[in-house]
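For reference, the structure is listed below as structure tokens.
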Amino acid sequence: MNTFDNIAAPATGIGGAVSIIRISGPDALAIGRRVWRGRRELGPESRRELLLGRVGIDSALAVFMPGPASYTGDDVVELHCHGGQSAADQALRSVFAAGCRLAEPGEFTFRAFVNGKLDLAQAEAVNDVISAGSDLALRIAEKQLDGVLSRRLEAAYDELNALRAECESHLDFPDEELAWEPDVPARLEALTAQLRELYDTRDIGGALRDGVSVVLAGRPNAGKSSLLNRLLGYERAIVTPIPGTTRDTVEAQTVICNLPVRITDTAGLRESADPIEQMGVERSRKSIAAASVTFWLLDASGGELEAELAEMERADAVNRIAVWNKIDLVPERALPELPCPAVRISARTGAGLDELREAFAVMVAKSPRPAVPEVAVNARAARLLAEALELLPEATARFREEEYELAAIGIRTAMNRVGEITGKTVEPDILDNIFSRFCIGK
Ligand code: GDP
Ligand code: ZN
């Protein structure tokens, strides 16, 4: 990516009522003036004002946003054309003819990063905002874009830098001449605790960004498809009293307690001579292995509780919630104690569904009502924080042992890891990797 030339791309998706073409670069204004004509002149006096005019034969609005106060930090001109591909295409062709090239995916945001408008954590949040799968995910992404995470990381970086300097001063001067700083280890520990708190948001961050995969497992006829329909609020799966109806896996998306969820309904797990049903059972086992949470359905009204429980124990399902179903048929029945979270529901009446949702939220987000966390780090930030968290206790111990050189090296390395999250210290290929995941126009 070249940061000094002129780039343009549609900034809106196809199919809206208006297509916005964004031009960014040192000659954005000149290019805008070449392709757009109106009664008033596009220029410094018209900054941030939408002007009425034309591009070719189509009417179009134009606005000039001088750098550095624009999104990218460059001079920016936006042309607001009619929706529909032909008007936008025609405007874009004139813009290219006037001396722009098509922006690469993420290039506008990359420029904003290079020009210091956004740090790397904020730039990543731009992408998160676009792909947010739930209301909660969107609100976290917006906070990150606002700089909530960045400010915490900046503060940690500065503190690490101060502590590193403290260590190095112990190297330069023998101890007896130095005003002893007794609180360096305590400050290192406090900082480590803060970084760990950020690191601990990675699960909720992953759940919000990617959705939680839930698999419905259990014997045929336990009520998996009925529960799926309940959770979705509409009829997605076929429910019949004939065991083995759901022969293949069915997938659907929903939101449970604010968490975006991908649910897979599996074929029942049972031995069968039917080869198609056998394939379904095999797929069920694979889905269970891949899911992050399993709802294991048990027929509370059935006569084979022990056999069903044994099957549940045999399957190596992770994060299992035992769901006693059909409780409407046996409201008073005493059910065995289980080593995992268990709820009693009726997929038929809807009883117990809220308890199931809460048990799920507690398992995934450690809370029955996941609130908007201030921050939730993504996988890249979590990996860098993990590296810093491995280094810091060791560096603290080295400082206590008066091995200041080793302590300083550890702190400096941890500081660079933290700096990588916001992009203070980052390799170009990592930047490429991050920005290439954006779509064109962002
Ligand atoms: P699956 O094979 O595990 O997907 O089970 P289904 O959802 O297809 O349900 C099997 C049968 O059990 C159907 O006849 C459902 O109507 C019935 N069923 C499911 N849940 C309940 C429930 O909570 N109470 C009662 N009484 N019947 C249920
Ligand atoms: Zn089914």
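Heads up, the Cβ atoms here are built off N, Cα and C, so glycines get one too.
Given the structure is predicted, the values throughout are model-derived calculations rather than measurements.
Quick look at what TrEMBL lists:
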BINDING   ARG22, GLU78, LYS117, LYS442  (6S)-5-formyl-5,6,7,8-tetrahydrofolate binding site
BINDING   221-226, 240-246, 265-268, 346-348  GTP binding site
BINDING   ASN221, THR240, ILE242, THR245  K(+) binding site
BINDING   SER225, THR246  Mg(2+) binding site
DOMAIN    211-365  domain 'TrmE-type G'
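Note: the Cα of ARG22 ((6S)-5-formyl-5,6,7,8-tetrahydrofolate binding site) and the Cα of SER225 (Mg(2+) binding site) are spaced 48 Å from each other.
Each of the binding-site residues ARG22, LYS442 was scored by the number of other CB atoms within 10 Å of its CB, and the largest score is that of ARG22.
The binding-site residues recorded for this entry are GLU78, LYS117, ALA347, LYS442, and the Cα of ALA347 lies nearest to that of SER225 (Mg(2+) binding site). Under the DSSP three-state reduction, ASN221 (GTP binding site) is assigned to coil, being neither helix nor strand. Among the binding-site residues ARG22, GLU78, LYS117, SER225, ALA347, LYS442, the residues whose Cβ sits under 6 Å from any atom of ligand 2 are SER225. The shortest Cα-Cα distance from ASN221 (GTP binding site) to any of the binding-site residues (GLU78, LYS117, LYS442) is found for LYS442.
Between ALA347 (GTP binding site) and LYS117 ((6S)-5-formyl-5,6,7,8-tetrahydrofolate binding site), the C-alpha separation comes to 51 Å.
Least crowded of the binding-site residues (ASN221, LYS224, ALA347), judged by neighbouring Cβ atoms within 10 Å of its own Cβ: ASN221.
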